[in-house]
Each structure stands twice: as structure tokens, then as C-alpha cells.
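**Q** This is the structure I want to talk about, given as C-alpha cells.
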Amino acid sequence: MVVLKVCLVLLFLVGGTTSANLRLSKLGLLMKSDHQHSNDDESSKPCCDQCACTKSNPPQCRCSDMRLNSCHSACKSCICALSYPAQCFCVDITDFCYEPCKPSEDDKEN
């Protein structure tokens, strides 16, 4: 039992001194700051299907799309639930909405 406690303490000490930009919040969420993507596939392109903006000038917009395992490539502050697969959303506030990820019904008909 003592060995287990010592191992856990060492794990926290080593984990706390690394320079990774990850934080565990009180809500069981993993916060990634300035995360980097190793691939530039379709899912990492900045886009948003569920964007809401305030009526202020300039507007303050936030995307509420949920993505698996990471946020889009332009996201500066990504929060991921500690689940498998991780469900992530970007908490950045911008003054615009990104292009939609999915084509609208009108686009499909043309």
C-alpha cells in the first residue's frame, strides 16, 4: 500500500512539472491550450454548424459544435470531456462565425 502511495505521489510530481499545456478542471474536463494538430484532415478545418453571436458591435460569437478527440485547427482553447472518445468543444469567442461544416439542404439540391 505504501509503495502504491509513493508511486502516485511521484506520478503527480512528474506530471506537474512537465511543460504540456493540459489542465484537469474540477468538472472532469481536459483543457488544451494552443493545441496543435498533427494532421490537416477535413475534421480539423475551422468550421461551425452551431454558432451563436451577441447583437453587440462587434459581435461575440461562440461555436457549440462537439467534435471527437480534438477541436478544429484554429481553436486556441479546447475543452475535452474525459471520455472515450473524448468529446471536445472550442471555447474561443470570435467576432464572426466560421463556415458551416456540413452543407445545407439548399446546397445539396443544387
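In case you wondered, yes, glycine gets a Cβ from its N, Cα and C as well.
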**Q** Per Swiss-Prot, which of CYS80, CYS90 is disulfide-bonded to CYS88?
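**A** Disulfide mapping in Swiss-Prot sends CYS88 to CYS80.
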**Q** Among CYS47, CYS51, CYS53, which cysteine is annotated in Swiss-Prot as forming a disulphide with CYS97?
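**A** In Swiss-Prot, CYS97 forms its disulfide bond with CYS51.
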**Q** Pick from CYS61, CYS63, CYS71: which one does Swiss-Prot say forms the disulfide with CYS53?
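**A** The record-listed partner cysteine is CYS61.
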**Q** Per Swiss-Prot, which of CYS48, CYS75, CYS78 is disulfide-bonded to CYS63?
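**A** Matching partner in the record: CYS48.
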**Q** Looking only at CYS47, CYS71, which is named in Swiss-Prot as the disulfide mate of CYS101?
**A** CYS47
**Q** What number of additional C-beta atoms lies within 10 angstroms of the C-beta atom of CYS80 (disulfide bond)?
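**A** Its Cβ shell of radius 10 Å holds 22 other Cβ atoms.
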**Q** Taking every protein chain shown into account, which of the disulfide-bonded residues CYS78, CYS90, CYS97, CYS101 has the largest tally of Cβ atoms within 10 Å of its Cβ?
**A** CYS90
**Q** Once the DSSP letters are reduced so that anything not helix or strand counts as coil, what is CYS101 (disulfide bond)?
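**A** DSSP call for CYS101 (disulfide bond): coil, neither helix nor strand.
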**Q** Out of CYS47, CYS51, CYS53, CYS61, CYS88, give me whichever of these disulfide-bonded residues has the highest number of other Cβ atoms within 10 Å.
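**A** Neighbour-count leader: CYS88.
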**Q** Checking the contact step here: among the disulfide-bonded residues CYS47, CYS51, CYS61, CYS63, CYS97, CYS101, which have a Cα within 10 Å of the Cα of CYS78 (disulfide bond)?
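**A** Those close enough: none at all.
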